[in-house]
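This is the structure, below, for whatever I ask next.
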Amino acid sequence: GTIHLFRKSQRSFVGKLTHEFRLVAADRRSWKILLFGAINLICIGFLLMWCSSTNSIALTAYTYLTIFDLFSLITCLISYWVMMKKPSPVYSFGFERFEVLAVFASTVLAQLGALFILKESAERFLEQPEIHTGRLLVGTFVALFFNLFTMLSIRNKPFAYVSEAASTSWLQEHVADLSRSICGIIPGLSSIFLPRMNPFVLIDIAGALALCITYMLIDFNNYFAVDTASAIAIALMTFGTMYPMSVYSGKVLLQTTPPHVIGQLDKLLREVSTLDGVLEVRNEHFWTLGFGTLAGSVHVRIRRDANEQMVLAHVTNRLYTLVSTLTVQIFKDDWIRPTLSAVPIANNILNLSDHHIIPMPSLKAVDHLNPATSTPAKPSSPPPEFSFNTPGKNVSPVILLNTQTRPYGLGFNHGSAPYGSVLNQGFGIPGMGATQGFRTGFTNVPSRYGTNTRGQPRP
């Protein structure tokens, strides 16, 4: 192979990751995210220490929401990186699916943390430890302030889209019912509570409210079991909030068609099928490439006299309003040619047009034939309806030479012979009568193509 003297060495995975991080850090918009990420790490460290000192599992469950905020900041950085990158030969559709994968991974990890809290809470019900409330309320307000400040200060495009496109959680539905009742009394609050609250802000406020109730009950009555109950409530709210987002991002990764655009796609495909020159629209497939980006491919069969470029322009113009990344394959109609013969052709026949296939009577004993007709005589059957000298149905075909002369030089006699003389010579029965050079079972016919009657190879 070719030796490259000055070929660059391949970067390692850490080297590639560092290079892409420098690319993102060069943009000033990412400085704010990096600053919030550093503060988040410090806040998580303090909260984990306070969880250990207070021995509160409810505060641990609420701290997991702060860890989820760190994942959301990383997702926002990936979103900025996706906007900087251009499609490559390996990733021909771009890198938008990376932010979908980041959202899916973040929500799944949050649900795993909620399951871990449920498992620890089940163990604590058997043996409830003592809870210290010295830093419980402080940790609650620190986590609440930082979570709300992060969610409201940074515009996280992937999570904002998923929170609006995914189905509502059971917590959102209950709060929406309560909000309608409150807005019926105070109409001015409809702009805040309706039509749909942010699920992340809602779970932060609900978790902080559960911790405040836990602090009051433990501080006043030493009811330590309420800490475990609050942890289960926060874990269930976390799981119920993240599950619809995981389902939505998982469907995007599986390249499914969004349900809310199926009706619009069917309408556009019906319009495309009625265009001038279009015969059929088939093999259509549409899927969500990224958040808010729809891709698709379709095959369009057109008439043989239609203009391909004109049809392609009209089809693209109709579908591009909904499908941003579109692949259209145009192919003209191909007429199906009828088959030349329905009977199997032997391998030694060069061309079907060189021979005639005519039916001849089957080889049977003469005494079984009625001399008046060519059909077998049966004692119990009535006399045949026709008495022509024609073959019956169950006959074997015999191949005769064409009367036209073909200059193939195979050593055959292509001269024409009358039909009567052929029958008189026994030509219809192989092995009898004439000994012409024809491969139907005659004695002097060469067994191999390209040899003459003397068995010498043909020059």
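Numbering starts at 1 and runs along the chain as it is shown here.
Just so it is clear, glycine is given a Cβ too, placed from its N, Cα and C backbone atoms.
Residues or ranges marked as transmembrane segment in TrEMBL: 31-50, 62-83, 95-116, 136-154, 200-218, 224-243. According to TrEMBL, the feature domain 'Cation efflux protein transmembrane' maps to 34-254. What TrEMBL lists as region 'Disordered' is 369-389.
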Can you work out whether the transmembrane segment (95-116) touches the transmembrane segment (31-50), with the criterion being 3+ CB pairs under 8 Å where the paired residues are 6 or more apart along the chain?
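Counting Cβ pairs under 8 Å (6 or more apart in sequence), the transmembrane segment (95-116) does not reach the transmembrane segment (31-50), since there are fewer than 3.
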Quick test of the contact rule: Cβ under 8 Å, at least six residues beyond the ends. What residues does that give for the transmembrane segment (200-218)?
56, 58-59, 61-62, 65, 131, 133, 136-137, 140-141, 143-144, 147-148, 151-152, 159, 163, 171-172, 175, 224, 226-227, 230, 233-234, 237-238, 241
Where among 31-50, 62-83, 136-154 do we find the most Cβ pairs under 8 Å to the transmembrane segment (224-243)?
62-83
